[in-house]
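Below are the features listed in Swiss-Prot for this protein:
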MOD_RES   Met1  N-acetylmethionine
MOD_RES   Thr9  phosphothreonine
MOD_RES   Thr23  phosphothreonine
MOD_RES   Ser31  phosphoserine
DOMAIN    31-330  domain 'Protein kinase'
BINDING   Leu37, Gly38, Phe39, Gly40, Thr41, Gly42, Val43, Ser44, Val45, Lys63  ATP binding site
MOD_RES   Ser58  phosphoserine
ACT_SITE  Asp166  active site, proton acceptor
CROSSLNK  Lys168  SUMO2 cross-link
Amino acid sequence: MEGINNFKTPNKSEKRKSVLCSTPCVNIPASPFMQKLGFGTGVSVYLMKRSPRGLSHSPWAVKKISLLCDDHYRTVYQKRLTDEAKILKNLNHPNIIGYRAFTEASDGSLCLAMEYGGEKSLNDLIEERNKDSGSPFPAAVILRVALHMARGLKYLHQEKKLLHGDIKSSNVVIKGDFETIKICDVGVSLPLDENMTVTDPEACYIGTEPWKPKEALEENGIITDKADVFAFGLTLWEMMTLCIPHVNLPDDDVDEDATFDESDFDDEAYYAALGTRPSINMEELDDSYQKAIELFCVCTNEDPKDRPSAAHIVEALELDGQCCGLSSKH
């Protein structure tokens, strides 16, 4: 690949009603009666088992607004959850989590029900691996995740003209031994124009700080589909390093039993590193990782024009399982 070798408002009640009216009546239990699967900013995700009258139905993952949110943030998260429901309902792709319902629970909180097949987030798997072996995921697994994520992003970008806006390991769910790989949490997605650019002046790129590209950190940065590609590259980096981008803990020569103190965190270095490509310890990765490293590097080029599109990543990865030959001009 050229360049790859060189890398050293409507009324809220009305809005809610319009979404809920198209959803059949669903009885969502109160939070204490469901198993908690995880949580995010302002929301929690629960397992809802559905077996009425002795019938067996597939379970759902139910995302609910946290009851602990104050009124201001509750309004923000309610809008975000409503937006996510409206977007998710119109998506249909094997690498995007499926919509099931949007309604209110018995405690009055808004709920988004999604498909659930026993998945864990990629972030959970990274944390588990860090505690167990501490070794990177096999290169073949990383490339499999890359292909399935790229297919989901290609669908969002090309067919739905949507920027996901918050790609990271926490927003990828995995079933079993990487049998299925799906992107979730489309609540901060932004519309793309025909040039794959976010042009809506009211649109605000949310993202999550360590995964943000340089253009999203600039005051007048132009956001395109390549913002997702940058965060996608950092997600592959997470699988190779088992770390959060740019959040550097003490050096390896520090006593393993030593407690990490918040005062040890270098704020200045962290903020200076945001939007850049984090380094990789090449001594920990053998030759089998070369393709994954190349893909990570080209996706995290600072200039968005030098990153491949999701469609081109898919094309390259599907060609005999190879990812060499990626051009940075797509």
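Cβ from N, Cα, C; glycine included.
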Enter the number of other CB atoms within 10 angstroms of the CB of the residue listed as 'active site, proton acceptor'.
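Neighbour count, Cβ to Cβ under the 10 Å cut-off: 25.
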With Cβ-Cβ distance below 8 Å and at least 6 positions apart along the chain, what are the contacts of Lys168 (SUMO2 cross-link)? List them in sequence order.
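Spatial neighbours, sequence-distant, of Lys168 (SUMO2 cross-link): Asn123, Thr208, Pro210, Trp211, Ala231, Leu234, Thr235, Glu238.
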What does the structure give for the C-alpha distance between Val45 (ATP binding site) and Asp166 (active site, proton acceptor)? Integer Å is fine.
17
Within the domain 'Protein kinase' (31-330) only, compute the mean pLDDT.
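Taking every residue in the domain 'Protein kinase' (31-330) and averaging pLDDT yields 85.
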Determine, from DSSP, whether Val45 (ATP binding site) sits in helix, strand or coil.
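In the DSSP reduction, Val45 (ATP binding site) maps to strand.
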How many other Cβ atoms sit within 10 Å of the Cβ of Val45 (ATP binding site)?
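Taking all protein chains shown, Val45 (ATP binding site) has 20 Cβ neighbours within 10 Å.
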When DSSP is mapped onto helix/strand/coil, what comes out for Lys168 (SUMO2 cross-link)?
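Reduced to three states, the DSSP call for Lys168 (SUMO2 cross-link) is coil.
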